[in-house]
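Worksheet: one structure, shown below.
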Amino acid sequence: LQGIFVLGLPYAVLHSGYSGLILIVLAAALCCYTGTILIDCLYEENEDGQLIRVRDTYEDIANACCRKLSGNLGGVVVNVIQVVELIMTCILYLVVSGNLLSHSFPYVPVTEKTWSVIAFVTLLPCVFIRTLKIVSKLSQLCSLVHFVIIFVVITYCLTQMHQWSWAKFRLSLEFEDFLVSVGVIIFSYTSQIFLPTLEGNMKNPGEFRCMLNWTHFFACILKTTFALTAFLTWGEKTKEVITDNLPSFLETLVNLCLLTKALLSYPLPFFAATEIVYSCMSKNSHSNYRSPLLALTVRGSFLLLTLLMAMFTPHFALLMGLSGSVTGAAMTFLLPSLFHLKLKWKKLSFLEKCADISVFILGFLCSLAGIVCSIKGLLEVFG
């Protein structure tokens, strides 16, 4: 999920200056921390003091926290947030696909929205995906394409080192632009939705924390390097999707690779969203919720929803900022810290409590401010 949205980081640095680079590092540290405490919520100590995994999903954690208030209310809220974030991710892939096709074939008399529809047609086979095995194979191909793209962009930027100037960094910031950048950076790190399932399927779950630390460390290095080199290369001319800045002989090639990556990335959040819906339906109904007709109807409806949203909100950075501010901040900062405080309060030290409370307050403020500014930016664009 973090892959293609790295393309928005140079644009975020354009509007946040030096603080944007600090935010990329800070977001990595905070996301790593909240991922750790989220997994901690899956475990409880038994009578012998050993940690036992008593919960399996984000939904289970939410239900455990809200059981005294209203049964499964917490799980319902978390599922809604998860589905919204996953669907928004799918929408962003369509928006990016339309943008990439439009810039790859500028002489074709087709609008960006029409290109999004063409990309949507290629995704229709997603309604027939039934297992995660197919999705995992597509994700492997997606990762290979991603590293090729990053390598090409950074290599080109390094050839332009003679043009670099640290004076391009802004010291004075527009507050609203800065907050939108915060949302973009947060969204580039969101992965908490998948962590409980990932940890549960590891051969050695005890290595999860080590894995999480190293992956966030390398992600931080890669994103900081990419954002820094790209911004130093283009400065004030940095565009929302950084590949639009590449010279024509590279832009078309890289854009086609990105298009391939976007289309290969789409099935994962799409499959995850439909599985959440199916799980909820199975708990609330005794009927055969996995009947072929119902499965095709749900998947087809989700596909159509992503297309309609992509058609009406075709602005990559603003939409990504809004998603990061709403669902990304909630799943990444607010809920993990809140749940950790609720379930582990008696066992937490004073410093751990302060850390959780600080993360919650920071996440709330960033989310609130980002929502207001992103919506305002979208309204101004449509106005």
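Every residue, even glycine, has its Cβ placed from backbone N, Cα and C.
Noted in TrEMBL for the protein shown:
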{"type": "DOMAIN", "residues": "2-375", "note": "domain 'Amino acid transporter transmembrane'"}
{"type": "TRANSMEM", "residues": "20-43", "note": "transmembrane segment"}
{"type": "TRANSMEM", "residues": "76-95", "note": "transmembrane segment"}
{"type": "TRANSMEM", "residues": "115-132", "note": "transmembrane segment"}
{"type": "TRANSMEM", "residues": "144-166", "note": "transmembrane segment"}
{"type": "TRANSMEM", "residues": "178-198", "note": "transmembrane segment"}
{"type": "TRANSMEM", "residues": "210-232", "note": "transmembrane segment"}
{"type": "TRANSMEM", "residues": "252-272", "note": "transmembrane segment"}
{"type": "TRANSMEM", "residues": "293-312", "note": "transmembrane segment"}
{"type": "TRANSMEM", "residues": "318-339", "note": "transmembrane segment"}
{"type": "TRANSMEM", "residues": "359-379", "note": "transmembrane segment"}
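Only pairs six or more apart in sequence are counted, and the transmembrane segment (293-312) with the transmembrane segment (210-232) gives fewer than three Cβ pairs under 8 Å, not enough to call it a contact.
Pairs of Cβ atoms less than 8 Å apart link the transmembrane segment (210-232) most often to 20-43, out of 20-43, 115-132, 144-166.
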